[in-house]
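According to TrEMBL, the feature active site, proton acceptor maps to Asp206. What TrEMBL records for Asn175 is Mg(2+) binding site. Look at TrEMBL and you will find Thr204, Ile205, Asp206, Met249, Gly250, Arg251, Glu305, Tyr361, Met362, Ile363, Arg364 tagged as substrate binding site. Annotation comment: TrEMBL describes 78-385 as domain 'Phosphofructokinase'. Under the heading site 'Important for substrate specificity', TrEMBL lists Gly176.
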Amino acid sequence: MFCFRSPTEEFADGYPSDETWHGYINNNDRVLLKTIRYTSPTSAGAECIDPDCTWVEQWVHRAGPREKIYFKPEEVKAAIVTCGGLCPGLNDVIRQIVITLEIYGVKKIVGIPFGYRGFSDEDLSEMPLSRQVVQNVHLSGGSLLGVSRGGPSVSNIVDRMEEGGINMLFVLGGNGTHAGANAIHNEVCRKRRLKVAVVGVPKTIDNDILLMDKTFGFDTAVEEAQRAINSAYIEAHSAYRGVGIVKLMGRSSGFIAMHASLASGQIDICLIPEVPFNLHGPHGVLRHLKYLLETKGSAVICVAEGAGQVRYADFLHKTNATDASGNIVLGDIGVHLQQQIKKYFKDMGSTADVKYIDPTYMIRACRANASDGILCTVLGQNAVHGAFAGYSGITVGICNTHYVYLPIPEVISYPRVVDPNSRMWHRCLTSTGQPDFI
């Protein structure tokens, strides 16, 4: 659970203000977590706790500015850290956190360079941040602060926070980074009983954080993926028996591949980690590809990076190697598909002109689009509002179009995945016209 501290007695009537403002959020405001009341477990996308689909209301805290605040702005030293891989919108969130902190009156704001590593590496020093520093950072991709995976122990991080006088920490990252933020919160608030707010902002281009409508960077990724898909389509359509393959991000969740396929209208086969498929056999991907080339003359495949590796099948040799974040290092399913397609048609005495495109790092490095820019701005603002309200161990997100605060453990227990029985996946299948590959 997260912590909520009541405003100090000195500010029991609210922090001094020049005028009365009616834009505050009441601490008792809640947002409904689930909005559909399913009546049958067989209904598309149904999430039921029993065979009768009993309705259970679940509410979460509404995000936004509170009239009474816990911290004195002049006594705050805030730090921002970005961890994991790059994602469109990182600079937008950094910028808005800094701007909102300054509006509250905070004078001491620093960035921790290169993720959690910045807390322990003696060669790295805090980066002073101000509105002047971050004013135009959102106009480019990447992270002003740099990113990295892994880092020192939680104890060492909290030691450095104490030494540096940091009493607000904003952590931008995915599931692994949030697990670290939750551990820091437990060490700071529960073990050492320090008056420190630890607030997360979920950064995962895969859109695999639980309970949230979407995470920042996802819309941009889907939009940028259209360029790669269109290029693959042109290459395939212009070649004799052409096949275009586009591999998109999605280790365990196929949201980008599914949405990009829907948006493009040019995909014939969409493969994601959540849905099992066979390459060979009478119902396999290769047999359907043969049919497409015979009837259409070309085909385009969109595949998520974790497809055929994470769940139901393992088409590639496992190494059991992990990266610094503890993620299993995946093989390249795109290359594997390319090789298998060429071999399949060669063995048949036929041909296929296969072109493979992997736009992963081009997408990760680009700046946020307008939709993500708005999302990042509001997330950054609400992260600061939550910290000043006295919350810690929370992350901020959008749920049923409303911005909310969620306890970190609730959103990192496992990755959010595409439901193969959902309406969105069925829409994707209708768009591609693909059969079940099992």
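The backbone N, Cα and C atoms fix where each Cβ goes, glycine too.
Feature map: TrEMBL annotations on the structure.
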residue : record                       : contacts (Cβ under 8 Å, 6+ apart)
Asn175  : Mg(2+) binding site          : Thr204, Asp208, Ile209, Ile412, Pro415
Asp206  : active site, proton acceptor : Gly174, Phe218, Met249, Gly250, Arg251, Ser252, Ser253, Phe255, Ile256, Pro415
Glu305  : substrate binding site       : Lys247, Leu248, Met249, Gly250, Arg251, Leu330, Ile333, Gly334, Thr360
Met362  : substrate binding site       : Glu224, Ala228
Arg364  : substrate binding site       : Gly85, Leu86, Cys87, Pro88, Gly141, Ile205, Met249
Sparsest-packed of the listed recorded positions (Gly176, Gly250) - C-beta count within 10 angstroms: Gly176
Maximal Cα-Cα distance (Å) across residues annotated as binding substrate, namely Thr204, Ile205, Asp206, Met249, Gly250, Arg251, Glu305, Tyr361, Met362, Ile363, Arg364: 17
Thr204 (substrate binding site) CB neighbourhood, other CB atoms within 10 A: 28
